[in-house]
Amino acid sequence: MAATTTKSFVNCCRLIRISSFSIIFLSTISYGATPYKYFSTKTPYEWVHKPSETVTDELYYLKELQGKSCTAVHTSAVIRHGARFPGLEDVLEISRIHEKIINVLEPYDHPTLYNWVNRFPSNNNKELSQLGEDEQERLGQRIAQKLSTLFKDEDLSDFRFIISSQQRTNQSASAFYEGFINVILSEEDVEDEIDSEVSDDLLRFFNLCAKYVYSVEKNKTAHKEYYDFLSSEHVVKIKNKVHQKLGITDDLLTTADVRLIYLVCGYETAAFKSSPWCSLLDENDLKILEYVGDLKHYYKNGYGFDITCQQSCPLVSEIFLTMDEVLTDIESMDSEEATEGLSFTKGQFFFGHAETLGPLYCALGLFNDSMPLKANNYEQHGHRSFLTSNILPFSANLMFVLYECFSDEFQETDEVDEVEYYLKLFVNEKPHQIPGCPELFCPYRAVRERYSSLVDHCDFKQICKRKPAKDEL
């Protein structure tokens, strides 16, 4: 698969943005009027996944397993970009909503909201915020620390950093890299330059898969459950409550406006610690609007349609074929014909999008609720697995760690055939059971076989071939 090599530089002393938006984002957030901190895919990572106070590599690197001693030899991680600014459409739309409100609102009724100023830049192109850079840098540090025995003082050519064509993934990779190399390299060896590969084939397959684009992404019928719930009594009640709080009698706002108020509440709380928009919503409102987002992504990036899962096979294939190569290289190094200086890929890190990770979860069978998410079963999904605030926040990450395991007798008998390979999955830095595996550690060959159709039979062109319009949803 062709990849375009690009060069980007990590600036250790980042320039402070000279604008009205110049602020320092903090990892400790004061939520103000909004203690409920779940904003679907717009949730900052560390709001829902608190970093461990002490980071060691024992959980990740070493493992005693049923008479075997295991050490990590490789990791493959897929990472969503860090927290970003809202896009231009949302920036302009919230200003429009504000203008509608102040045209009928008395200044003294809600002075903070009345005097609100939109501080989000309109020309940001969804680029990373400072919070996004910080959470990526800290993530890079933690992953390097957790696998420091594997990574320490290794040649940087043993690592791959793959990004999409979007600037926010480039920014994320650069920030991650800065935290990563400051752990694994000595101070005199630290390099500011990241050598990254651009591959939309692997990380933006959702734009390249015609069947998905036309039958799901651009097909409004495919999002019926989302629109049905957005116009349901649940959300209409929230809209009416907002009108009541503002003292508005006319049907000024739509349910879509209310959802945007929810998103801006999250964006501003992350950026400025609080937001006047949050005062219009209570915790129950926030939970209902979170479900709106979950429905959107369930049918856009999750289990709603088979093609959504299937289109991620190039990425699944790349991950497992790389691990196959690692095993081949290790076995070659262990053989009598081993070439001096032979190395292998210690780590590969992919930086993508919610639309990258969601289909990957789906292809691997992760976070699959027994009952599909629908507009009419909100009450039955209070403990759903497909909770995007938890599984797809900014900087969400999935990481496979490959282990080489020797039986305890191996060190005495030196029997090469006692070597086995195991795989462990981490999602958002927490161990997660691989489907079909009874334990957290699973034999690599068993996992490889489970996903063999995705790895060995990934005909992306055929999978994504667009069917006649009459067969579309």
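Even glycines carry a Cβ here, placed using N, Cα and C.
The disulfide entry in TrEMBL for Cys70 points, among Cys313, Cys362, Cys405, Cys437, to Cys405. Cα separation, Cys70 (disulfide bond) to Cys265 (disulfide bond), rounded: 46 Å. In three-state terms derived from DSSP, Cys405 (disulfide bond) belongs to an extended strand segment. You'll find the Cα of Cys265 (disulfide bond) roughly 49 Å from the Cα of Cys405 (disulfide bond). Distance noted between the C-alpha atoms of Cys278 (disulfide bond) and Cys405 (disulfide bond) is 52 Å. Counting only same-chain residues at least 6 apart in sequence, those with a Cβ under 8 Å from the Cβ of Cys405 (disulfide bond) are Lys63, Leu65, Lys68, Ser69, Cys70, Val419, Glu420, Tyr421, Tyr422.
Taking all protein chains in view, 21 other C-beta atoms sit within 10 angstroms of the C-beta of Cys70 (disulfide bond).
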